[in-house]
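Q: Reproduced below are the annotations present in Swiss-Prot:
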TRANSMEM  20-40  transmembrane segment
TRANSMEM  53-73  transmembrane segment
TRANSMEM  102-122  transmembrane segment
TRANSMEM  124-144  transmembrane segment
TRANSMEM  149-169  transmembrane segment
TRANSMEM  170-190  transmembrane segment
TRANSMEM  227-249  transmembrane segment
TRANSMEM  254-276  transmembrane segment
TRANSMEM  288-308  transmembrane segment
Amino acid sequence: MRSRGVKYVSVRARLARSRVLAYLALTKPRVIELLLVTAIPAMLLADRGSANPLLILNTLLGGISAAAGANTFNCVADADIDKLMKRTSRRPLARAAVPPRNALVLGLALTAGSFFWLWWTTNLLSGLLALATVAFYVFVYTLLLKRRTSQNVVWGGAAGCMPVMIGWSAITDTIGWPALAMFAIIFFWTPPHTWALAMRYKDDYKVASVPMLPAVATERHVTKQILIYTWLTALSTLVLALATGWLYMAVAVVAGAWFLTMAHQLYVGVCAGEPVKPLRLFLQSNNYLAVVFCALAVDSVLALPTLF
């Protein structure tokens with residue numbers, strides 16, 4: 001009897017753990033990492049490294065909640081196509097691990113919680129920016145652009161740029177030009193980052209009838225666009241140097257040259273008809289963004305004198 005009872009409790013524990021992990025997966029934790037990588041340096045730059053740690057923590061909690069809410073809504077809206085794509089077929093709603101209604105409630109709770117938390121702990125502007133981010137990601141990108149245009153990630157990617165705006169506004173209660181410069185960096189970085197991954201999974205997008213650029217254009221055209229946006233990314237990091245010290249400037253130049261080299265190699269390889277590995281660019285683009293923004297954070301904490 002005791003053994004049977006222990007097994008019953010063990011099964012219930014596993015089911016509970018599986019259910020919790022399914023709800024957590026709805027929020028796409030790995031996507032939220034971008035928030036941490038970009039929001040903290042933005043806040044440090046806004047206060048030249050002397051930002052209140054509690055304010056940073058409160059802003060991150062609100063921002064994470066907003067991102068989690070947006071990702072949850074995205075899973076609900078994309079459940080039909082997630083079932084068709086190998087890369088996303090194991091997502092909770094695609095495999096019916098979570099009822100859609102429960103996912104909607106979770107998304108609403110996270111979004112509302114984010115707004116009120118940021119309003120209470122930082123300022124109204126930050127709360128409104130978080131609310132606008134969720135609305136833009138869900139209604140403009142997910143519902144309007146994603147299934148209608150190959151430029152979906154170009155314009156829809158603006159939602160991923162908002163953490164720096166929220167971080168900056170949490171410190172200053174304004175939107176200054178450095179925040180816009182950081183916004184531009186992430187805006188131009190998003191297409192090459194996303195298209196490199198989409199090149200690897202373009203057949204998935206074709207099956208799901210999602211007009212991601214690699215699924216509807218030639219590899220030559222896609223890699224040319226990747227190269228153009230990589231150049232724009234590297235150049236936009238130099239604009240931010242007007243508000244930073246020599247450390248950020250040096251890292252931005254070196255990292256930009258490295259990122260451009262990888263994009264050029266991908267384009268040249270495709271033009272030459274050689275086998276290419278776009279997934280490598282996707283993975284390294286994450287490292288590039290992390291390096292640039294970490295350099296920004298260190299530069300700000302050290303309060304190095306601005307170059308201009």
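Quick reminder: no glycine exception, Cβ is built from N, Cα and C everywhere.
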Q: List, by number or range, the same-chain residues at least 6 past the transmembrane segment (20-40) whose CB is under 8 A from its CB atoms?
A: 56, 59-60, 63-64, 67-69, 71-72, 74-75, 91-93, 97-98, 102-103, 106, 110, 160, 163-164, 166-167, 182, 186, 289-290, 293-294, 297
Q: For the transmembrane segment (149-169), name the stretch out of 53-73, 102-122, 227-249, 254-276 with the most CB-CB pairs under 8 Å.
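A: Between the stretches 53-73, 102-122, 227-249, 254-276, 53-73 has the largest tally.
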Q: Near the transmembrane segment (254-276), which residues from the same chain, at least 6 beyond its ends, have a CB less than 8 A from one of its CBs?
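A: For the transmembrane segment (254-276), the far contacts come to 192, 196, 219-220, 223-224, 226-227, 230-231, 233-235, 237-238, 284-285, 288, 291-292, 295.
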Q: Using Cβ atoms and a strict cutoff of less than 8 Å, what residues sit near the transmembrane segment (227-249) while being 6 or more residues removed from its termini?
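A: Distant Cβ neighbours of the transmembrane segment (227-249) are 45, 177-178, 181-182, 184-185, 188-189, 191-192, 255-257, 259-260, 263-264, 266-267, 292, 295-296, 298-300, 302-308.
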Q: Are there residues at least 6 beyond the ends of the transmembrane segment (124-144) whose Cβ is under 8 Å from a Cβ of it, and what are they?
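A: Residues 59, 62-63, 66-67, 69-70, 73-74, 77-78, 111, 114-118, 152, 155-159, 162, 165-166, 169-170, 173-175.
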